[in-house]
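Participant: My structure is below; once you've seen it, I'll send some questions.
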Ligand SMILES: Nc1ncnc2c1ncn2[C@@H]1O[C@H](COP(=O)(O)OP(=O)(O)O)[C@@H](O)[C@H]1O
Ligand SMILES: Nc1ccn([C@@H]2O[C@H](COP(=O)(O)OP(=O)(O)O)[C@@H](O)[C@H]2O)c(=O)n1
Ligand SMILES: [Mg+2]
């Protein structure tokens, strides 16, 4: 499993390795095997995790493009929204709070969302993760870094005009409690106020890949494909 065998010897960039090594203490809580591996107890043949954050407003096409990335490049797809909806469906202790937050178009406390993502990452056999719809706030971003102990390798931003996003969401037809005009307006305000600063942060760090999210699904994927193709050799 990925959490037990994240490698210190993969051919991924040296800056990423340095970052991973410097965060060993935090990382260890998630990846107990690293310390053993560093001591040579386990043969270092497994792969370093590769994390992509998939950002964009509601209806910008994140989920649709994630399916194509999974099919083409073999990533594991973790949708923050899907994980939260699963919590609601399972009637967990946080379910009612999550439902109310989603109905209001607000953001669920980071601790809750990061724990769900962490659990999925730990259970996955994959080392390549698409984390869809996260981080949506600076609080989300900092919380992920603190709890998981790593930064993303790539951040995708699906840049879509508001008018198009509203049209798509209203036609989505998945029975979601937040796919109505009133909630969409709130979500767009939250996106502008809280999510755009996160996108700007990654732009400044040189990690952001902006996709013009209008056109057919296939046309948009042709902008996405070369980004992952360029990383394929190093990531595996
Ligand atoms: N390029 C596109 N053109 C038109 N509709 C699209 C396109 N991409 C996705 N959609 C549709 O728009 C809706 C929102 O897409 P989705 O992938 O769920 O977006 P997000 O996850 O960003 O909210 C879905 O009904 C989807 O089928
Ligand atoms: N990081 C996240 C992701 C989603 N959410 C909540 O879940 C809702 C739906 O998220 P989603 O990613 O499924 O929505 P789309 O952008 O795919 O339409 C958001 O509007 C938030 O209320 C959250 O609180 N924190
Ligand atoms: Mg989605």
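Just so you know, glycine gets a Cβ as well, placed from its N, Cα and C.
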Participant: Where TrEMBL shows 85, 106, 107, 108, 133, 134, 135, 136, 187 binding ribonucleoside 5'-phosphate, which of 146, 176 is named for the same site?
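Facilitator: Answer per TrEMBL: 176.
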Participant: Among 215, 236, which residue does TrEMBL annotate as binding ATP together with 59, 60, 61, 62, 63, 64, 172?
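Facilitator: Between 215, 236, TrEMBL records just one in the ATP site with 59, 60, 61, 62, 63, 64, 172, namely 215.
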Participant: Relative to the Cβ position of residue 63 (ATP binding site), how many further Cβ atoms are located within 10 Å?
Facilitator: 19
Participant: Between residue 215 (ATP binding site) and residue 133 (ribonucleoside 5'-phosphate binding site), what C-alpha distance do you get in Å?
Facilitator: 21
Participant: List the binding-site residues 62, 63, 140, 172 whose Cβ sits under 6 Å from any atom of ligand 3, in sequence order.
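Facilitator: Close enough to ligand 3 are 62, 63.
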